[in-house]
Amino acid sequence: MKLTTSTLLSLATAALAAPNPTHTTPLKPRQASHGCPSAVTLDAKTNVFRQYTLHANNFYRSEVEAAAAQISDPTLAAKALKVADVGSFLWIDTIANIKRFEDNLVDVPCDHIFGAVVYNLPGRDCAAKASNGELRTGEINRYKYDYIDKIAEIIKKHSNVAFALVIEPDSLPNLVTNSDVQKCRDAAREYREGVAYALRTLNLPNVVMYIDAGHGGWLGWDSNLRPGAEELASVYRSAGSPSQVRGIATNVAGWNAWDLTPGEFSRASDAQWNQCQNEKTYVEVFGRYLRDAGMPNHAIVDTGRNGVQGLRKEWGNWCNINGAGFGQRFTTNTGSELCDAFVWVKPGGESDGTSDPSAERYDSFCGKEESFKPSPEAGQWNQAYFEMLLRNANPPF
Ligand code: BGC
């Protein structure tokens with residue numbers, strides 16, 4: 001998945017002023033208890049992460065435990081195990097993986113919220129190749145009935161569990177900036193229809209939703225702010241302005257720092273055209289446009305892999321950035337009223353795309369000089385990359 005291309009321009013970034021770790025919500029080990037005694041009702045007019053800790057799901061836990069078992073240095077292996085306790089999102093990236101989602105709902109304590117990413121639109125990842133999905137343009141009915149409806153059924157069945165959903169990374173941002181790409185033009189109608197269907201169908205009392213809004217180096221350009229906000233807001237309205245939409249998710253699978261000043265790319269030749277040189281500014285500036293366009297504008301920001309800055313040659317480089325480190329762990333102590341929480345959305349250690357040029361889903365962004373090699377297919381585990389993220393973690397483990 002990712003942004004790509006020309007319109008993405010050079011991006012900027014911001015620095016990661018690691019918030020005070022003592023304010024980080026304590027992470028909890030796996031517990032036997034499941035759900036709340038009665039049905040959960042979330043008020044999306046409030047920051048529900050203040051009430052619920054982001055759950056450390058068993059799928060990522062098992063990936064991380066397997067990775068730790070492969071590390072011979074006992075100190076590093078012990079640190080690796082701590083990653084298993086970090087709250088993060090589970091990606092429902094195929095119809096088959098809906099089962100993985102359901103299987104992971106067995107141990108969510110009442111004070112936790114389960115994070116999941118809805119990511120399976122027809123013609124997915126239209127401006128890049130690495131994360132092209134299983135559904136082709138034209139398969140919107142499978143998306144609606146075999147994918148979204150099934151997820152909704154599971155969430156209804158687990159009415160005593162709280163859910164936070166990130167809706168379709170990169171999809172609407174691609175429509176804003178990549179309309180020159182034929183695949184994006186072809187996919188546009190079904191992206192809008194699919195996202196609206198997801199918002200309407202998943203608008204359940206125990207759910208809060210955040211629609212993906214790219215990042216500061218994508219929709220943060222002066223000329224993208226208004227069209228970006230209008231694109232998101234119009235899909236939100238066409239879904240009937242669902243009550244459980246809280247706002248946006250930014251920096252998903254991204255690398256931008258939260259509040260680095262000056263931003264990582266603020267000295268680039270085109271920096272004058274982007275006032276959103278870090279994610280904090282992006283959330284605040286884009287948030288104003290969203291509000292004006294009539295959409296809820298609170299945010300969650302992916303800090304999973306932004307612990308090290310200064311690694312990218314260009315802001316738009318998105319694939320397996322070499323030298324990266326895990327970032328801030330889950331916390332609601334963001335210092336910004338609009339930002340509900342820092343969360344790990346991209347599970348660190350899972351690849352962004354293959355570095356094998358002969359693979360069908362090879363994207364040249366994964367062959368860039370600053371991209372880690374070798375790297376497996378998107379979503380597959382990369383042990384060496386995980387160990388690097390761990391060594392470079394900021395704050396450290
Ligand atoms: C991949 C998905 C994967 C997700 C999380 C995306 O880039 O396309 O298959 O689930 O990353 O790793």
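Heads up, the Cβ atoms here are built off N, Cα and C, so glycines get one too.
All TrEMBL annotations are machine predictions without curation.
The active site annotation in TrEMBL covers ASP125. Residues or ranges marked as active site, proton donor in TrEMBL: ASP170. Taken from TrEMBL, the feature active site, proton acceptor covers ASP352. The substrate binding site feature in TrEMBL is assigned to TRP91, ASP93, HIS215, TRP218, TRP318, LYS346, GLU350. Here TrEMBL flags 358-372 as compositional bias 'Basic and acidic residues'. Annotation comment: TrEMBL describes 349-377 as region 'Disordered'.
Known features from TrEMBL, placed on the structure.
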residue : record                       : CB count, 10 Å
TRP91   : substrate binding site       : 26
ASP93   : substrate binding site       : 20
ASP125  : active site                  : 26
ASP170  : active site, proton donor    : 28
HIS215  : substrate binding site       : 33
TRP218  : substrate binding site       : 32
TRP318  : substrate binding site       : 30
LYS346  : substrate binding site       : 22
GLU350  : substrate binding site       : 20
ASP352  : active site, proton acceptor : 28
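In this structure, the CA atom of TRP318 (substrate binding site) is 8 Å away from the CA atom of the residue listed as 'active site, proton acceptor'. Filtering TRP91, ASP170, TRP318, GLU350 by Cβ distance to ligand 1 (under 6 A) retains the following recorded positions: TRP91, GLU350.
Across the structure, TRP91 (substrate binding site) and ASP125 (active site) are spaced 15 Å apart at their Cα atoms.
You'll find the Cα of HIS215 (substrate binding site) roughly 16 Å from the Cα of the residue listed as 'active site'. ASP352 (active site, proton acceptor) sits 13 Å from the residue listed as 'active site, proton donor', taking the CA atoms of both as reference points.
Between the CA atoms of the residue listed as 'active site, proton donor' and the residue listed as 'active site' there is a gap of 7 Å, rounded to the nearest whole number.
Take TRP91, ASP93, HIS215, TRP218, TRP318, LYS346, GLU350, the residues named in the record as contacts for substrate: the widest Cα to Cα gap among them comes to 23 Å. LYS346 (substrate binding site) carries neither a helix nor a strand DSSP state and counts as coil. ASP93 (substrate binding site) sits 12 Å from ASP125 (active site), taking the C-alpha atoms as the reference points.
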